[in-house]
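Peer 1: According to TrEMBL, the protein has these features:
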type: DOMAIN; residues: C:11-82; note: domain 'Glycine transporter'
type: DOMAIN; residues: C:95-164; note: domain 'Glycine transporter'
type: TRANSMEM; residues: C:6-28; note: transmembrane segment
type: TRANSMEM; residues: C:40-63; note: transmembrane segment
type: TRANSMEM; residues: C:69-88; note: transmembrane segment
type: TRANSMEM; residues: C:120-140; note: transmembrane segment
type: TRANSMEM; residues: C:152-172; note: transmembrane segment
type: TRANSMEM; residues: C:178-197; note: transmembrane segment
C-alpha cells in the first residue's frame with residue numbers, strides 16, 4: 001500500500017544514524033555520565049527525529065521493527081565509552097553531523113511526500129527529522145538547544161527540506177532533487193561552521 | 001468509520017491555532033531568537049496539544065494531512081517578526097488566548113468522545129489539547145511552564161473539558177454543551193486574568 | 001489479531017501505575033504546587049512510559065480506552081493532596097517504586113515481543129516503559145532526572161528488560177522468565193538503594 005522501498009541504501013542510513021548517535025553519546029560523556037546514560041543519549045539523538053516524524057505521518061516507527069538500528073546505537077555508545085573524548089573533538093565530527101543533518105532533512109521530506117503529506121507539512125517533517133533528536137538531547141542534558149542558538153543549524157535543515165519539497169513539486173527527477181537539496185543544506189551548514197555565520201536575532205521587546 | 005465532519009467551522013479553527021501560534025512566536029521574540037526559531041515555536045505551540053491528543057487517541061494527526069494549518073503558523077511567525085512586540089503586549093492577546101484555551105479544551109474532549117474514548121480519559125484529552133502546546137513551548141524556552149504556575153490556567157481548561165464531558169454524558173444537545181463549557185472555561189480564565197486569581201498551593205514538606 | 005490477553009492481572013497493573021503516579025504527585029507537592037499540577041504529574045508519571053512504548057510499537061495507548069487507569073491517577077493525586085507529605089517520606093515508597101520499576105520493565109519488553117518487535121528494540125521498550133514517566137516528570141519539574149544520576153536506576157530497568165528478552169529468546173516458560181527478570185531487577189535496584197551503589201561515571205574530557 002505504502003512504498004516499502006528504502007529511500008536510502010540501508011548501509012548509508014545506518015552511517016547517518018550512527019553519526020547522530022555519536023553526538024548524543026559525547027554530550028553525555030562530557031557531562032561525566034555513566035555508560036547507561038550515554039546509551040540512552042545515543043539512542044534518542046540517533047532516532048528521535050525520525051521517530052517523531054513517523055508518529056506524525058502515521059508510518060510504523062522505522063527502528064522499532066528493525067534488527068540493526070538499535071544495536072548500532074548501542075555499539076556507538078560503547079565506542080564513545082572506550083575511546084578518549086579527544087578523538088572526537090576535532091572538526092571531523094562537526095562536518096559529519098552537517099552532512100547527516102542535510103541527508104536526514106531531505107530523507108524526512110521525501111518519506112513524508114511518499115506518505116501523501118502535502119508539501120508544506122512534508123517540509124516541516126524534514127526539519128523535524130533532522131533536528132528533533134538533537135533538541136531532545138539538549139533538553140535532557142539541560143543545555144541550550146540548537147533550536148535556541150543563532151547559528152545556522154535548523155536553517156540549514158530547512159533549506160535542504162525546502163529544496164527537496166520544491167524539486168519534487170516542479171517535477172525534477174528524484175535523484176537530482178536529492179543531490180541538489182543535500183548539497184545546498186550541507187554547504188549552508190558548512191559555511192556556518194567555517195565562518196561562524198548566524199541568523200539575525202529578533203530585536204526583542206521595544207526599547208523604551 | 002470515524003466521524004469526518006469537522007467539529008469547528010474550519011475558519012474558526014484556524015483562528016484558534018493562529019492565536020496559540022502567536023503566543024509561541026512572541027516568547028521566542030522576547031528571548032531575541034531568530035526567525036527560524038520563532039517559526040518552530042509558533043508551530044509547536046499552535047499544534048502541539050492537538051498533535052499529542054491525536055497520537056494518544058489513534059487519530060490521524062490533524063495538521064499533517066491539512067494544507068492550511070502549517071502555512072498559517074508560518075504566516076503568524078512572519079507577522080510576529082515584522083511587527084513591533086509592543087503591538088501584542090496589551091491584554092488583547094491574553095484574552096484571545098483565554099478564549100482559545102476554552103475552545104480547544106472543549107474541542108479536544110468532543111473529538112476524543114467521538115473516537116469512543118471513555119469520559120474521564122476524554123476530559124484529560126481536552127486538557128492536553130488546551131495546555132500541552134504551551135507547556136512544550138515553556139520547557140523548550142527554559143522558562144517555568146503554565147503547568148507550574150499557580151494561576152488558573154490548566155484549571156480553566158479542566159473546567160471547560162469537564163463540563164463538555166458532563167454535558168455529553170447527561171445527554172445535553174451538543175451545541176448547548178459547547179456554549180456552556182466554553183463560556184465557563186473562558187469566564188474562569190478571564191476572572192483569573194482580571195483578579196489575578198490562583199489556586200491554593202500545597203503546603204509542601206511538613207514544617208519541623 | 002494481536003494478543004488481547006492482559007500481561008498482568010488488572011488489579012496488580014493498577015497498583016503499579018498508582019505507585020508511579022504517587023511519586024509524581026509527591027514531586028509536585030514538594031515543589032508546593034497546586035492540586036491541578038499534582039494531578040498532571042501523577043498522570044504523566046503513571047502512564048508516560050507505557051504511552052510512549054505503545055506509540056512506538058503501534059499499539060493502542062493502554063490507558064486511553066481504559067475506564068480505570070485515569071481515575072486511579074486522579075485518586076492518587078487526591079490522596080497525596082490530603083495526606084501529610086511525611087507519610088510518604090520513609091523508604092517504603094522507594095522500595096515500592098523499585099518493585100514497580102522491575103515489573104514495568106519486564107511488562108514493556110513482554111508486550112513489545114508480543115507485538116513482534118525484535119529482541120533488542122523490545123528490551124529498549126521495556127526500559128522506556130519503566131523509566132520515561134519519571135524522566136518527563138523530572139524535566140517538567142526542572143530537576144535533574146533519574147537519567148542523569150549515577151545511581152542504578154535505568155540500569156536496574158535494563159537488567160530486568162534484558163533478562164526478560166533473553167528468557168523468551170532461549171525458550172524459558174513465560175512465568176519463570178517473569179519471576180527471574182523481576183527478581184533480578186528488583187534486587188539490583190534494592191541493592192542500589194541499600195548500599196547507595198552507582199555506576200562508574202565517564203572520566204569526561206581528557207585532562208590537559
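Cβ from N, Cα, C; glycine included.
What TrEMBL says about a protein is an automatic prediction, not a curated fact.
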Peer 1: Considering only Cβ pairs under 8 Å, which range in C:69-88, C:120-140, C:152-172, C:178-197 makes the most contacts with the transmembrane segment (C:40-63)?
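Peer 2: Going through each listed stretch, the top one turns out to be C:120-140.
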Peer 1: Count the residues of the domain 'Glycine transporter' (C:95-164) that DSSP assigns to helix (H, G, I), to strand (E, B) and to coil, and report the three numbers in that order.
Peer 2: 57 helix, 1 strand, 12 coil
Peer 1: By DSSP, how many residues in the domain 'Glycine transporter' (C:11-82) are helix, how many strand, and how many coil?
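Peer 2: The domain 'Glycine transporter' (C:11-82) comes out at 57 helix, 1 strand, 14 coil.
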Peer 1: Give me the mean pLDDT over the domain 'Glycine transporter' (C:11-82), rounded to a whole number.
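Peer 2: Over the domain 'Glycine transporter' (C:11-82), the predicted model scores a mean pLDDT of 90.
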